[in-house]
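**Q** In case it helps, TrEMBL gives these features for our protein:
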type	residues	note
REPEAT	133-168	repeat 'PPR'
REPEAT	196-226	repeat 'PPR'
REPEAT	227-261	repeat 'PPR'
REPEAT	289-324	repeat 'PPR'
REPEAT	391-425	repeat 'PPR'
REPEAT	426-461	repeat 'PPR'
Amino acid sequence: MEQKLLQLLQKCKTSKQLKETHLQIIVNGLINNNFIVPKLITFSSTLISLNYALDVFKALQNPSLISYNTLIKCFIGKTLKYALYTYNQMRVSNITPNSFTFTFLLRCFESFEGLKAGQVVHSEIVKLGFESSVFAMNTLMDFYAKCGGNLGSARKVFDEMSERDVVSWNTMICAYMSYANQEYALCLFEAMPERNIVTWNSVIAGLLKVGNMELARSVFKRMPEKNDVSWNTMISGYVKLGDVETARAIFDEMPGKSIISWTAMVSGYATIGDVQSARKVFDRIPAKNVVSWNAMIAGYVNNHMFDEALSVFQHMLIDGNCKPNQTTLISVLSACSHLGSHEHGKWIDSFIRKNKFDSSVPLGNALIDTFAKCGDMENAKAVFLRMAQRCIITWTTMISGLAVNGHCRDALELYEKMCLDGVEPDDVVFIAVLSACTHGGLLEEGKRVFYQMVNKFGIKPRIEHYGCMVDLLGRAGKFEEALSFIQSMHLEPNAVIWATLLSACKIHGNGELLEFLTWRILEQEPNNPSYLTLIMNLSSSIGRWQDALNFRRATRDQGIEKIPGCSSIQIGNSVHEFSAKDTKHSQRKEIYRVLGCLNGHLKLCESE
């Protein structure tokens, strides 16, 4: 029966199954069984809760050392207080700890807050004569190294050890390397009586971390044998420094290339913008996994090649050997957002629900952003409402989406709801809220929000916040107040601030500030085509034709051209982008021919 219940425990996947098995253990009188109870405690902590595991332990008549150790192990990463309390209870019960007890205890205290508790355990190790246990002392040394970088105490433990194994040396070397103390680490490395491959890899990784590539390469060449970790560490190190050429040389030398090394090269090339080489490496990967697909998709997205990112995603689905994960979908949604591809966004939303993906915060944020940028606030709101958890980015994305799509009062109401829900706003969310006020012409509300930001939440305004307020005042025709506001800024106003006010002057036909604002803008950014076009347009709108003509001549003589606008349209699974005077589209001749026909029809209509 004992063996059968152990097998049942191993098969438990849900809290319901575990509770049913727990009941059978009690019914069969095995609740104090030394083989079953540790497993029951472990599964209870994992599948149900720590409190349930504690209840199982409290029900034991005479807990064994294994049961105490198992419970302490359950506290790792969760609670410091109960771990020490359980150890004290064990000592009161006259149960002598072993090396595992101290290992689990010290792992519970691996934080700066746990230093004092760890020192208490250190004294227990000495008092109970475990100083001769290499296992216990290695754990103690590792604890001091990880607990606030207490390298002095770690080294003292190392020096006082009567016996050391390769783990002892590796632990101390890793500790020094982790805190960029490579000189001491290398001294220990050279003094080490016997090295294993972990030692070599640790030294290489540490040297790469501080950017000492030459020495890392030297140690790498000295290695008597190398494994995948050795090769991949070197490749990744050079990739991180942007030296993809050297990384490629090491990659080509590698006898048996792993998926990790292939993926590192794809990411490396994509990072430096050489997407063509990244794709060549990607296409050569013998057996791709989800990480390699993600690396290629993200590479295209980060290099603004969004169509290609969607194309690789489609190939991934057709290939069928790897299922997309959340990272895949977040990258693809980013591509959809930039392209304004509503159909792709809706398909991914459907894919997420159909495949029952966990509604994580990053994935939900990406979906909201995609729908908002495609103008579909109904679906954006649906995603927002079904998210079990939200972060400040979630609220910001939703508020910004509402503002951009003209739902300005809704954006302001959502901000107020966020504050009522106890979410602490940051500087970014205030840019979204102030933008909503600007787009909606909500002057008084904007002033109130700006006051709240500064005085209630203590956020120092950035130039973007000032820009929103100047835009808001300018659109309302409050030019004197806007100028006074600019003078009160703690930051030096840039060209954007002055151009924002100039744009408002154009809306209201106010030419009084033209010369002052033109001088301010040209002083800071004399060659910005957008600002020069704005000055020309305002000059023309108020009848100052000669000024407009002079600016036009000056920009033409200097060869300054405004960057053409770009539009896109989705047809089937492809998104087509167009810009003014487009010469890149494959069907440009047919497109211009149709445009010519349309222009002809329009002229006929006008003449009639």
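Cβ from N, Cα, C; glycine included.
Thinking about packing and proximity, how do these listed features fit into the structure?
**A** Here the repeat 'PPR' (133-168) has, by DSSP, the following mix of helix, strand and coil residues: 26 helix, 0 strand, 10 coil.
Outside the repeat 'PPR' (196-226) by six or more residues, the chain places 166, 169-170, 173-174, 176-178, 180, 182, 185-186, 189, 233-234, 236-238, 240-241, 243 with a CB less than 8 A from a CB of the stretch.
Secondary structure of the repeat 'PPR' (227-261) per DSSP, as helix, strand and coil residue counts: 26 helix, 0 strand, 9 coil.
Averaged across the repeat 'PPR' (289-324), pLDDT in this predicted model comes to 94.
Remark: secondary structure over the repeat 'PPR' (391-425) totals 26 helix, 0 strand, 9 coil, with classes taken from DSSP.
Beyond the ends of the repeat 'PPR' (426-461), by six or more residues, the same chain brings 392, 395-396, 399-400, 402-404, 406, 408-409, 411-412, 415, 418, 468-469, 471-473, 475-476, 478, 489-491 to within a C-beta distance below 8 angstroms of the stretch.
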**Q** Hey, which bits of the same chain come close to the repeat 'PPR' (227-261), Cβ under 8 Å, at least six residues off its ends?
**A** 197, 200-201, 204-205, 208, 211, 213, 216-217, 220, 267-269, 271-272, 274, 285, 287-289, 291-292
**Q** Please report, as numbers and ranges, the same-chain residues at least 6 past the borders of the repeat 'PPR' (289-324) whose CB is under 8 Å from any CB of it.
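**A** Distant contacts of the repeat 'PPR' (289-324): 259, 262-263, 266-267, 269-271, 273, 275, 278-279, 282, 331-332, 334-336, 338-339, 341, 344, 351, 355, 573-575.
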**Q** Could you tell me how many residues in the repeat 'PPR' (196-226) are helical, how many are strand and how many are coil under DSSP?
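**A** Secondary-structure composition of the repeat 'PPR' (196-226): 23 helix, 0 strand, 8 coil.
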**Q** Which numbers of helix, strand and coil residues does DSSP report for the repeat 'PPR' (426-461)?
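**A** Per-class counts: 28 helix, 0 strand, 8 coil.
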